[in-house]
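Peer 1: To start, I am sharing the structure in question, which I have written as structure tokens.
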Amino acid sequence: MTNADPHELQKFSDLAHRWWDPNAEFKPLHELNPIRLKWIDAHAHLAGKTVLDIGCGGGILSESMAGLGAHVKGIDLSTQALGVADLHSLESGVTVDYEEIAAEALAAREPAKYDVVTCMEMLEHVPQPAAIVEACKTLVKPGGWVFFSTLNRNVKSYLFAVIGAEYIARMLPKGTHDYARFIRPSELASFVRAADLRTADIKGIVYNPLSKHFMLSADTSVNYMLACRRDV
């Protein structure tokens, strides 16, 4: 059975044509992208590296990493999102290899192939996030980097990421997130340990409503990113 929720897939497939509109439903991803890209590159030095972007959607992060000189493969289970990603890659002239395949299936086919694996804003949308973390460990080379980003599960994250972002500020479509699937840092850390990955860094991302910009922070109470390594 594929580790995917059909409702979640349909939700993002229905919005696929909006991926590259910086003022539409995926505006927060466009605003987040420079911050997460800079953070990933600071750790992994992307130029010349083989990179896998799991849950790549329309390719916002995939193209950005390729633009820094990485050899990027993006995978997703949304046919529509991948179609948009392929088309935008042709238009932009940035080469990314896209494929519709589950992370677990690719892990069985291409173990220890990638220098860097990214899985951003994806874990909170799947039924078994621990299985994705395990697949990431299998896919990355010994000594390589794995990066995750997701949402913490607490009252503040519910108020900010669901009520605030979806219903008040309307930064995201209603129903984008299922609070029950948010993942506490301690839970993600346990998935990482179980997969024999080593946590190297954790950073929060906060939104300033006055400047309307995201920034890195020590505050992991809502959005956060985790950098891990597979030991040699």
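Positions of Cβ are set from backbone N, Cα and C atoms, glycine also.
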Peer 1: Which of D21, D76 does Swiss-Prot put in the same S-adenosyl-L-methionine site as R36, G55, M120?
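Peer 2: When Swiss-Prot describes the S-adenosyl-L-methionine site, the candidate it includes is D76.
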Peer 1: How far apart, in Å, are the two Cα atoms that lie farthest from each other among R36, G55, D76, M120, the residues recorded as binding S-adenosyl-L-methionine?
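Peer 2: Greatest Cα-Cα span of the listed binding residues: 19 Å.
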Peer 1: Would you mind listing, in sequence order, the residues at least six apart from M120 (S-adenosyl-L-methionine binding site) in the same chain with a Cβ closer than 8 Å to its Cβ?
Peer 2: R36, D53, G55, L61, F147, F148, S149, M225
Peer 1: How many other Cβ atoms sit within 10 Å of the Cβ of D76 (S-adenosyl-L-methionine binding site)?
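Peer 2: The answer is 29 other Cβ atoms.
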Peer 1: For R36 (S-adenosyl-L-methionine binding site), just count the other CB atoms lying within 10 A of its CB, please.
Peer 2: 24
